[in-house]
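In TrEMBL this protein carries:
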TRANSMEM  B:20-40  transmembrane segment
TRANSMEM  B:46-67  transmembrane segment
TRANSMEM  B:99-120  transmembrane segment
TRANSMEM  B:126-153  transmembrane segment
TRANSMEM  B:160-188  transmembrane segment
TRANSMEM  B:194-216  transmembrane segment
Amino acid sequence: MADFSGSDLTCLRGERLVFGGLSFSATSGDAIMLRGRNGAGKSSLLRLMAGLLAPRSGTLYWNGENIADDRIAHHGRTQYLGHQDAIKPVLTVRDNLRLWGQLRGVRDLDAAIDRALDALDIHHLASVTGRYLSSGQKRRSALARVLIGQSDLWLLDEPTVGLDRESCAELAQLIASFRKDGGIVIYSTHIDLDVKNPTILDLDDFAVPMVEWLAEQDEMDDDQSDNATSQSSPEAAQ
Amino acid sequence: MNGFWAILQRDLRLAMRQGADSVMVVAFFIVTTTLFPFGVGPEANILARIASGVIWVSALLAAMLSLERVFQTDYEDGSLELLTLSPVSLELLILGKVLAHWLTTGLPLIIAAPLMAVMLNMNQDGFIILMVAMLLGTPALSLIGAIGAALILGARRGGVLVSLLVLPLYIPVLIFGAGAVEAALLGISATAQLQIMAAILLLTLAAAPFATAHAVRQAME
């Protein structure tokens, strides 16, 4: 039974505070759907969970252990699908997928790639070079990557972009079977993806106006200086 | 180590499919070197005198020209993000990428260098040392260059920026590389220069992957 949680996460991008005070928790078989307007920080949160971004404050835990303590282990159990498909135009789909399988140390890689291609119904594209793929086919190849090798956590950022209705249904099925095997899926989507009773995390609830946040930071700084020096000036307290 | 071989294999395969990149680096090297006889005049003595310096400067510029593509395409199509997220040490992956870069640019330059030396009327005594010095120097150029290539990720007009970042760091390689050939031409032992170049190579081999990995992670933020 795996357990993935985050407590009091704050994300700062550039000068802008994207969200603050966000907590979540998920156990094996759970799905979390991220919702929120554009710029609410869905992608940022997924990148944070993947370990691409460091939170400004707060911590992410896997089975109670901070993921920052052992990044390689976290990368090993996580499959991340971002906005980009990472398909090289001059390599075939199979060669494209092979690298990611090798990096995960997958045994019997060719069979694993075959299974992934079958699952996404793109076996006929195995020897087609990336440049001749349509955007939907590229997206499906990228999804095939997620299926290669063992993983416990899927982070899918808008996985349905470019997919037709049929592929969306397939994706929903893949998610369902991954959950049945004890995986955790966290995803953001703009269309309805047929996932059974996902927990909904609305990022709009965690938006913090910058002014409030700065004031809070100031208070914290003041508190610290109060503790540091026993005599605090009356001006600072005001 | 699996990750190292996997990325090396992939990058070499990519370079083969897009063979133009490698050819372009060598062509640039040859063209730049060829410009000097036109500039300083065809007098054999003068050309022989400046040959080692000219070859090294041209090699430096050619190596720099190819730097941008070390990470840029991977950065643009999202592969770099996934490499960062692989359960393999990023430093090792970067070392694999640098080796692939060296095999596709440094090595062809070493092979082309004696030809240019002949054209510039360099004495044959210098040929072997020139190649040995380049064998030690060009991997260091790729390693140092990778730091610059990673630092400019996400910047506009990265190509110009990378030259400003990297060229000053190439100076030691240039000094000792050209110095080694000079020594050989004068009939003195070039061991000292070559040893210093080997030291530079070892130093960059130890430090550059970490600096580059740090820059890549920064670019992912």
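In case you wondered, yes, glycine gets a Cβ from its N, Cα and C as well.
Beyond the transmembrane segment (B:99-120), the same-chain residues lying 6 or more positions past its ends with a Cβ under 8 Å from any Cβ of the stretch are 7-8, 11-12, 15, 21-22, 25-26, 29-30, 33-34, 36-37, 47-48, 50-51, 54-55, 58-59, 62-63, 66-67, 70, 126-127, 130-131, 134-135, 138-139, 141-142, 145-146.
The recorded stretches the transmembrane segment (B:194-216) and the transmembrane segment (B:126-153) share 3+ CB pairs below 8 A when only pairs 6 or more apart in sequence are counted, and are therefore in contact.
In this chain, the transmembrane segment (B:160-188) lies in contact with the transmembrane segment (B:126-153); the count of Cβ pairs under 8 Å, excluding pairs fewer than 6 apart in sequence, is at least 3.
Note on the transmembrane segment (B:20-40): residues 46-47, 50, 54-55, 57-59, 61-63, 65-66, 69, 104-105, 108-109, 112, 115-116, 119-120 of its chain, located 6 or more positions outside it, place their CB under 8 angstroms from a CB of the stretch.
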